[in-house]
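One structure is given below, encoded as structure tokens.
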């Protein structure tokens, strides 16, 4: 049985800002967006969250909820440096590290000799070391599989950890809301609830063939996760291949003008996310994704060496006109595909 830890830094970007400027600690702050332009909140500290400010929230909405919110543009070099230090701490315990972003990662400590081989003690020691060396807090989840470790890391935030032992898994899953499974958004959860499916325990009673017929590949993922099945390894060779942002809509849209407005809102967040990795990697393609109300989806990409909003809008309009038919759209996404570092190096050498 594997021992997987998921580490998630608490309010990472905001925490770095508060560490470096203690005057910010007790006031509501958020990273991302500005009062002058449309954008989205990247991270908010806990004082801001008390007013309802959340990650990915439109800046205008955040300011309505918290008019005295302090908006910071973000210092990505500082965040990257802190992230590198955190990953150095991880490497003291295992070489099997799979970063998900600057502020979270999976660790496989199955064969780690540290802390008598106890994943619980390793997670606790890692969190304490992060605090001692960086004055930042982290939360952790410990479980036999990746998706449960990720869920667990969110159950005792901030600055805490939650352990799901192999013996705990059946009982934990029986009452686990389907909305907690990574990849199940609000709209999917609502559709499942309309079918009387609210928990993993409900899915356990379903026939796999029915789920496959109703939801396609997504149905198999639902069934496997509800059984506690997640055979994915912690992949230490994982490279960031793309950067994207998407929004699942509370109600389906049927007008192009609504889709265009969503793209206008998503684009600044895509710019922000790309800024984190762009200094190291080149863009190969950019594209759009539309998911329809029958759970089918389509992705359209263009070869394009730099981020370009007008091209994304043109691509989205073409996709909307050619692929939608009469179906409503329930998700809109933007993404860029990054050039493989080895190919990038070959191209540079060939110039």
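Indices start at 1 and increase along the chain as displayed.
Quick reminder: no glycine exception, Cβ is built from N, Cα and C everywhere.
What you see is a predicted model, and the numbers here were worked out from it, not measured in a lab.
What Swiss-Prot records for 104 is active site. The Mg(2+) binding site feature in Swiss-Prot is assigned to 8, 103; the stated evidence is sequence analysis. Residues or ranges marked as domain 'UmuC' in Swiss-Prot: 4-185. Annotated site 'Substrate discrimination' per Swiss-Prot: 13, in sequence order, evidence recorded as sequence analysis.
The number of other Cβ atoms within 10 Å of the Cβ belonging to residue 13 (site 'Substrate discrimination'), over all protein chains shown, comes to 27. Its Cβ placed at the centre, the residue listed as 'active site' has 19 other Cβ atoms within 10 Å. Mean pLDDT across the domain 'UmuC' (4-185) comes to 93 in this model. In three-state terms derived from DSSP, residue 13 (site 'Substrate discrimination') belongs to a helical segment. Counting every protein chain shown, 20 other Cβ atoms lie within 10 Å of the Cβ of residue 8 (Mg(2+) binding site). Taking the C-alpha positions, the distance from residue 104 (active site) to residue 8 (Mg(2+) binding site) comes to 4 Å. Between the C-alpha atoms of residue 13 (site 'Substrate discrimination') and residue 103 (Mg(2+) binding site), the distance comes to 8 Å. Counting every protein chain shown, 22 other Cβ atoms lie within 10 Å of the Cβ of residue 103 (Mg(2+) binding site).
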